[in-house]
Amino acid sequence: MCGILAVLGCSDDSQAKRVRVLELSRRLKHRGPDWSGLDHHGDCYLAHQRLAIIDPASGDQPLYNEDKTIIVTVNGEIYNHEELRKGLPGHTFRTGSDCEVIAHLYEEHGESFIHMLDGIFSFVLLDSRNNSFVAARDAIGVTPLYIGWGLDGSVWISSEMKGLNDDCEHFKFFPPGHLYSSKEGSFKRWYNPPWFSEVIPSVPFDPLALRKAFEDAVIKRLMTDVPFGVLLSGGLDSSLVASVTARYLEGTKAAELWGTQLHSFCVGLEGSPDLKAAKEVANFLGTIHHEFHFTVQDGIDAIEDVIYHVETYDVTTIRASTPMFLMSRKIKSLGVKMVISGEGSDEIFGGYLYFHKAPNKEELHLETCHKIKALHQYDCLRANKATSAWGLEARVPFLDKEFVNVAMSIDPEWKMIKPDIGRIEKWILRRAFDDEENPYLPKHILYRQKEQFSDGVGYSWIDGLKAHSALHVTDKMMLNAAHIYPHNTPTTKEAYYYRMIFERFFPQIDSPWRSKCGLQHSKSY
C-alpha cells in the first residue's frame, strides 16, 4: 500500500508551505518507502509515498494524462486495468502502473468512471482545467482514508490521521464507497449494491457459484511484479486463501517471476494453536512455510508503535494488530512486499460465535450488513496499517466487491447456525469448498471452529496485556475515566491504557474516534 496526502484550495503557495506538505507526507513514508513524489499546481498539493508492486521501474506518482492537465495520486490496486486500457485506444500511457488508467478514464468519462474500477483504492484527482478535484474511496474501505478542513478554507485528504492531526481544524473518516466532489462540496455514494439497503435477499445457495466467485477474487490478487506470499493462521479463512492461491498460481505472471511454490507465513507464541494448525495446512498444500515466534513481552514492547501506526484505541483491534505488526516486519525482512490475507469472511458469513444467538435470518442478515459497513474501522484498519507500517501490502479477497455482492445476495437462511443438523458457523463457505475428489483442505481443517486471532496466536497473550495494563492504570484512575475521557469512555484498565497512549500521539480534540463521528467500539472479553 502507498500513502497519499493532498492539500487542496490552500491560500498559502509559499516555499514554506511546500516544505510543510513534504514534511507531513514523510509521516506516511512507512507506507511507501520506494519513492516520494509531489505535484504543486496553483493552490493544490498532491503528495505520494510509493510502495512499488506493479511496474516498479516507471510507475512513480503522481500520475497524469497526456497533457498533464489531470493529476492523480492513488493508493490502491486496479485489478482490471489492462481491460480498461483496451477501452481507451486514443490515449497514450506513460507507465505500466495499474493506477494510471484513472487519469485517462476521468478525462474520457468524468466522475462516473469510478463504477468501472475493479479493485481497492483511495485517490485524489485534480482537474487543472477548471481547478476542481474529486476524491474517492473503495467500496468497503479496504484502503484507509481521512478528510479534514483547514481554517483557510482548504480541504486535506490523507491515508492516515498523522498526516492531518496537526494542521487541520477538524477531520474524520472519508466514508467507504463514496466520492467527494469539490464542484458540489459534498459526498455522494457511488457503491450502493442491493444488499446495502438491508433488504433480505432470496437467492438460493449455489456452492459452485460461491466457490467460483472466491476463486476469481483470489486470482485477481495474484497481479504482482514483486515477491509475495499468504498469511496462514491455520483457520478456515486463511487456509482457503492459501489453498486457492496455491492451486491457481501456476501459469500466472507471478509464478513466471517468482516460482510456482507459494510462501506462507504464520505468527504465534511458542506452542500456540495457530502455529500447529498452520504447519499442517502448509504441509498439505506444499507451501514454503515460515513460522515466526514472539513472546508476550515482545508484544507489550510493541504496543506503542502499534497504536501509532494503526491509529486506534479499540481493544480488540490492538490485541490482533500486534502479532500481525511483528510478523509483517519479519516478512518484509525476507524481501516480500505483498501478502494475501483472510479478513472479512466472518462479517459476510456470520462467523463470530455470537451469531449462534441470531433469532431468525432477518436479524442475522441485518447484523452482517452492519458488520461489513463497519469493517473499515476495525479489521480493514488492522490488515492495512499493521502491515503497511513495514512497507508490506495486504490484499483481502473476501472483500472483493463482486464476491461480497455474490455472498450477500444468498438467502441468509443458509447462513443460520444450526448445530442440530450439522451447520456450524460459515457452513456455506465450508460446503462450497468441500470437494471429495480434489480437496482444497483436510476435512478437520475445513470444519475447524473459529478462534479469535489474538487467541489463536496464544492464550496467554490477552492475559499478559491485561496484567501489563493493570501496572499502569490504577483503580483510582478508573474512577475518573468518564471525566477524563467523556467520549467512548474506557471501561477496563486495558482500554484506559491504550487510550492514554493514543491521546499522546493524537491529542486533537476532534478526531475520527470521537463518538460524534459514529464509531462504536467492538466488544472485547
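Each residue, glycine too, has its Cβ placed from N, Cα and C.
For CYS2, the entry in Swiss-Prot reads active site, for GATase activity. In sequence order, ARG31, GLY32, HIS48, GLN49, ARG50, LEU51, GLN61, VAL74, ASN75, GLY76, SER159 make up the list of same-chain residues 6 or more apart from CYS2 (active site, for GATase activity) whose Cβ falls under 8 Å from its Cβ.
Marked as domain 'Glutamine amidotransferase type-2' by Swiss-Prot on the basis of sequence analysis: 2-185.
Taken from Swiss-Prot, the feature L-glutamine binding site applies to ARG50, LEU51, ALA52, ILE53, ILE54, ASN75, GLY76, GLU77, ASP98, supported by similarity to another entry. Classification of ILE54 (L-glutamine binding site) by DSSP places it in coil, neither helical nor stranded.
What Swiss-Prot records for 193-517 is domain 'Asparagine synthetase'.
Marked as ATP binding site by Swiss-Prot: LEU231, VAL267, SER341, GLY342. The secondary structure of SER341 (ATP binding site), as reduced to three states from DSSP, is coil rather than helix or strand.
According to Swiss-Prot, the feature site 'Important for beta-aspartyl-AMP intermediate formation' maps to GLU343, an assignment based on similarity to another entry. Sequence-distant neighbours of GLU343 (site 'Important for beta-aspartyl-AMP intermediate formation'): residues of the same chain at least 6 apart with a C-beta under 8 Å from its C-beta are ASP237, LEU375, ASP379, CYS380, ARG382, ALA383, ALA394, VAL396, PHE398, LEU399.
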Cβ-Cβ neighbours of ARG50 (L-glutamine binding site) (radius 10 Å): 24
Cα-Cα distance, maximum over LEU231, VAL267, SER341, GLY342, record's ATP binders, Å: 14
Residue, out of the binding-site residues GLY76, GLY342, whose Cβ gathers the largest set of other Cβ atoms within 10 Å: GLY342
Cβ-centroid neighbourhood (8 Å) of the L-glutamine site, ARG50, LEU51, ALA52, ILE53, ILE54, ASN75, GLY76, GLU77, ASP98 excluded: MET1, CYS2, GLY59, VAL74, SER97, CYS99, GLU393
Under 8 Å by Cβ from ASP98 (L-glutamine binding site), same chain, sequence gap 6 or more: ILE54, ASP55, GLU77, ILE78, TYR79, HIS81, GLY119, MET223
Cα distance (Å, whole number) from ALA52 (L-glutamine binding site) to GLY342 (ATP binding site): 22
Where ASP98 (L-glutamine binding site) falls in three-state DSSP terms: helix
